[in-house]
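Colleague: Quick one: structure below, then a few questions.
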Amino acid sequence: MANVAKKVSWSGRDRDDDEDGRAGETTPLLNGTGPGAAGSGRQLTPSSFLRIGQLSNVDLNEDIHELETEVPRQRPNEIPHNEKLLSLKYESLDYDNSENQLFLEEERRINHAAFRTVEIKRWVICAMIGILTGLVACFIDIVVENLAGLKYRVVKDNIDKFTAKGGLSFSLLLWATLNASVVMVGSLIVAFIEPVAAGSGIPQIKCYLNGVKIPHVVRLKTLVIKVCGVILSVVGGLAVGKEGPMIHSGSVIAAGISQGRSTSLKRDFKIFEYFRRDTEKRDFVSAGAAAGVSAAFGAPVGGVLFSLEEGASFWNQFLTWRIFFASMISTFTLNSVLSVYHGNAWDLSSPGLINFGRFDSEKMGYTIQEIPIFIFMGVVGGILGALFNALNYWLTMFRIRYIHRPCLQVVEAMLVAAVTATVGFVMIYCSRDCQPIQGSSVAYPLQLFCADGEYNSMATAFFNTPEKSVVNLFHDPPGSYNPMTLGMFTLMYFFLACWTYGLTVSAGVFIPSLLIGAAWGRLFGISLSYLTKGSIWADPGKYALMGAAAQLGGIVRMTLSLTVIMMEATGNVTYGFPIMLVLMTAKIVGDYFVEGLYDMHIQLQSVPFLHWEAPVTSHSLTAREVMSTPVTCLRRIERVGTVVDILSDTSSNHNGFPVVESNPDTTQVAGLRGLILRSQLIVLLKHKVFVERANLNLVQRRLKLKDFRDAYPRFPPIQSIHVSQDERECMIDLSEFMNPSPYTVPQEASLPRVFKLFRALGLRHLVVVDNRNEVVGMVTRKDLARYRLGKEGLEELSLAQT
């Protein structure tokens, strides 16, 4: 491995410590030949499988002590980046409950009535998630509508004034300055306050639901920055949508409500304490993501399917029903509030942030001979989507290498905003496509050089929020757009949207994709109408819808959920079959060239993401070859000093420790007795749950599960816990706190079998044992995510602290 390094972008700035208090993320540079590159091609010797009470010699993170003594070095102009890396800074979530004695005692105490109460609380939380997500969506929509309307009115009046007396360059300057200044504010808050709020947030939520802990991703601060950022980036005229970020916003709302407290505000409401664990939190986050989709598109069923297809690793029938409930409440809340806002309180006609409008199936039905045409559109969408993703991939690589300083990221966002305004202005200025105002539904008609009673058709595409432009392309009558106008708009907007995705602003890619597709789809419909001498079935609006579906499917590669979202947003089941055909074709064609946009960004961030299945050619690998060794084990009754030393060791940030039965006075090893987590050990040390060596028969201080839940999710770092020299000689009995029945596999188990067990149960640690039940290794998420199918077959990624 060459000299490799990478910027930390999803988990905040380089200087941030991990949530567990580890300082392993503080190294912006990494020499791949050092200990950070551990994990590629390890030599296993039987004697190195197990160390009891000793520190592991697998250096998974760079040692920080050396860095502390160095003079702080300047950030380099270029950060070399290698995508064939897997980052060690991402930890896993504990989806599997630790069934220790405390947990079992509490569960036995809970009677049927108490279980009913817990179930009712789950439904109450889902209702609250739906209501709050709907209200946040309303807030975003109303603020964007008013601010964007104000901006467009100011610019329109200015253009009208200067068209009459000359000097339109002032109008261009005003438009570009307004855009750049609004986007500057939106980019500043993201770059300097919470970088994880950048983009749509869908890749991060996908990772969270997959079981990866992305630091800061579901914090209140992230929500506030996300909402403000998305308002500013849409008002700033960027080629973005406000729908994608709703999914992230819904997830943050769900994570906050389900815990009954805010760690950011340091307020604990003492409610919902039972749900303070990763298992419950992750289920509620999937409900929040679904409620976000539902609020964005008015598609509750699409929201449920989105959570199922893109997110949750674990699923059951009760979860489906609760998520659907949250989605329905979200849509209803948004609908009610927006109806009151628009002045027609009893007319629930705004089910989502974007409403594609009614498609009349009598006028716009389809015939059997059109199906090959739709499939061809799917092929075009797949190719254009693959091109979009490939361009965005190289652009993101360039950003990681060169635009890694926050100030540069803000400058780039301002540049894109100014260029977007300039391109829009120049294209409106050069366009001679004039249409009569009579009977049109244009919000801000620009006359420019058109005759009286006419407006510039190019201006309706650029001089509007992207959502309104999409609806116009779907429903404007035939003849509203010149083919040249649509062709130029598609070309320019394609490159603008590609440049915009990945900027340090909160923004989604759904609406720009739909807009690009609707433009070329309408152009395709006009061409067909021309070729068939104006045949009744060649309606441009229908082909705009198919083009939009093909383009979005080609970029994000969603199939099931996107088909239902498009059907619900159009309010027409008739188009279900052609939309499904178009999306399937776009996905198959796009996957042939390059992977989907979200998966690509997950891969670029080196996240240990586990797909549904192990790589198809991995049957030859066994648990012995993929496991991490040697394993740091603890005795059932262990010396406090040993525990503190193991937790304090910066060269091996292990989070799970097998507990073995062994006499403290001998070195003889016995079999596996259980598994204990770093977080549990820290709580035990904090509460000083130990006794002196001479009094081993004394009863230790009793702890309750509440003590562990109160510390969740930000467990204190080991450095903050003071243990005196006398206390180091005390003994700690782990029997009551360890999980006595951890999942184990024999060392001969194949990789697909290990993968299936790990992925389906949402594990964080899987202990590998030999035929005598002695620990020989440990399989974690990174050990499995290292193997993936490349162009030349199965390839192994290197591990690095990036």
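Including glycine, each Cβ sits where the backbone N, Cα and C put it.
Taken from TrEMBL, the feature domain 'CBS' applies to 738-796. TrEMBL lists 1-43 with the feature region 'Disordered'. Annotation source TrEMBL lists transmembrane segment at 123-144, 172-193, 223-241, 284-307, 319-341, 371-395, 484-503, 509-531, 543-567, 573-594.
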Colleague: Could you give me three numbers for the domain 'CBS' (738-796), the DSSP helix, strand and coil residue counts?
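Modeller: Looking at the domain 'CBS' (738-796) with DSSP, the answer is 16 helix, 24 strand, 19 coil.
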Colleague: Do the transmembrane segment (319-341) and the transmembrane segment (484-503) share at least 3 Cβ pairs under 8 Å, sequence separation 6 or more?
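Modeller: Answer no: the transmembrane segment (319-341) and the transmembrane segment (484-503) share fewer than 3 Cβ pairs below 8 Å.
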Colleague: So which of 123-144, 172-193, 284-307, 484-503, 543-567 has the most C-beta pairs under 8 Å when paired with the transmembrane segment (509-531)?
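Modeller: When the Cβ pairs under 8 Å are tallied, 543-567 comes out ahead.
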Colleague: So are the transmembrane segment (573-594) and the transmembrane segment (371-395) touching or not, going by 3+ C-beta pairs under 8 A with a sequence gap of 6 or more?
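Modeller: Stretch pair touches.
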Colleague: Determine which recorded stretch among 123-144, 172-193, 284-307, 371-395, 543-567 has the most C-beta pairs below 8 angstroms with the transmembrane segment (484-503).
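Modeller: Maximum Cβ contact count belongs to 371-395.
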Colleague: If you average the pLDDT over the domain 'CBS' (738-796), what number do you get?
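Modeller: Looking only at the domain 'CBS' (738-796), pLDDT averages out to 89.
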Colleague: Please report, as numbers and ranges, the same-chain residues at least 6 past the borders of the transmembrane segment (371-395) whose CB is under 8 Å from any CB of it.
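Modeller: Result: 494-495, 497-499, 501-502, 513, 516-517, 520-521, 524, 528, 543, 546-547, 549-555, 557, 578, 581-590, 592-597, 600, 604.
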Colleague: Most CB pairs under 8 Å with the transmembrane segment (284-307): which of 123-144, 172-193, 543-567?
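Modeller: Checked against 123-144, 172-193, 543-567; highest Cβ contact count belongs to 123-144.
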